[in-house]
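Only one structure is covered here, and it is reproduced in the block below.
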């Protein structure tokens, strides 16, 4: 028996998120089918994160236990053979028995892409959120500072998940703009349910002038979901990397 | 009667190119259907370029003559209402009677995206050509110099088009690399059939070490299509801008 770790890239557009569902096509379900074909076993894939419908990944991590004789490094090709073109194994390697894609994770990085222009977006539309009103990028950058560090992020969590604590540490939250593309990068030791999308939703409100940059500290302190911005749409979000 | 100029963005993935065809879905055909609905007329859309199947555009230009009472600037919204999500009008404006999207053009810019890595590409796969072998970007940059300027580009033309002259002037050909993404930008007064894709195909051969950078001048001089690299696949190509 060996424990195999996979790094997976996927275009989440046509999936109902990561987690297996009975009647919907999900990334985990699709991957497990491919795993079963590659190993001739019934294999459970343990994912690092349960990305929502429409969210993408460049660096989703998962692990599975197998008694297959395929060398761990060969799993990449062996599984890719059975995957559709919107999911690909980037790397496969053997890891310690104790490695668990979810519980061993020490941190994660996400990116979020906003296209800020009035004209309809066509190229890349499944990988961004379009904002037609002009965003003040300097205010958004100022607002970022309040998020960095250890905070109780209860105000930035959607209902529907139970976690022991809503305290998380954001190591980095930065924004870069090139032409009409605004890219937000965020790294933390972990994220609450919809946390990145609510942070980005709040930053957009700041960019529109509806929330003042220096009020963001108060929103965090309030622990009040109603004070933060909306949960912005899923398809601008990419799980970039999981740290162990 | 007025002459209306449109700037159009499209994702060419699901189209058999720009030019109208009887039994296939094309961008021109799709646009004309939308134009007919918006104007209640039978309108011919004159395109600046006949992009091939799978080629995209951020700045395709077209013009049409109409007697519709819709103000020219309003055509953007009026036409967008009838277009699928992979085609969008970015701008509409009235132009002089003599303006012709194709014959008035003074130059064009294209971009071409290569993803240079071994691992399968998922995100953005319809907008790039993947090259798995490591490309030597410095040699490719050196090779670019030979293309710039006025040359007879007969060696960089696919069969199937009749043009008066195969002499063109390339104003700029540059390459930038960020992580595994190589982006090539090219601007010329005009392009022969498949010219950008054959230039990129040749640059890739240079990057692989199969053609020496300083041999590129000889290929151009030879006027021999057989000496140049292959016509690389369409979907890395984007028509960025047309100059008038």
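Quick reminder: no glycine exception, Cβ is built from N, Cα and C everywhere.
According to TrEMBL, the domain 'Pseudouridine synthase I TruA alpha/beta' annotation covers B:7-104 (among others).
The Cβ neighbour count for residue B:52 (active site, nucleophile), using a 10 Å radius over every protein chain in view, is 21. According to TrEMBL, the feature active site, nucleophile maps to B:52.
Residues annotated as substrate binding site in TrEMBL: B:110. In the shown protein chains, 26 other C-beta atoms lie within 10 A of the C-beta of residue B:110 (substrate binding site).
The domain 'Pseudouridine synthase I TruA alpha/beta' (B:143-244) scores a mean pLDDT of 97 in the predicted structure. If you look up TrEMBL, you'll see B:143-244 (among others) marked as domain 'Pseudouridine synthase I TruA alpha/beta'.
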Exercise. At the Cα level, what's the spacing in Å between residue B:52 (active site, nucleophile) and residue B:110 (substrate binding site), rounded?
Worked result: 13
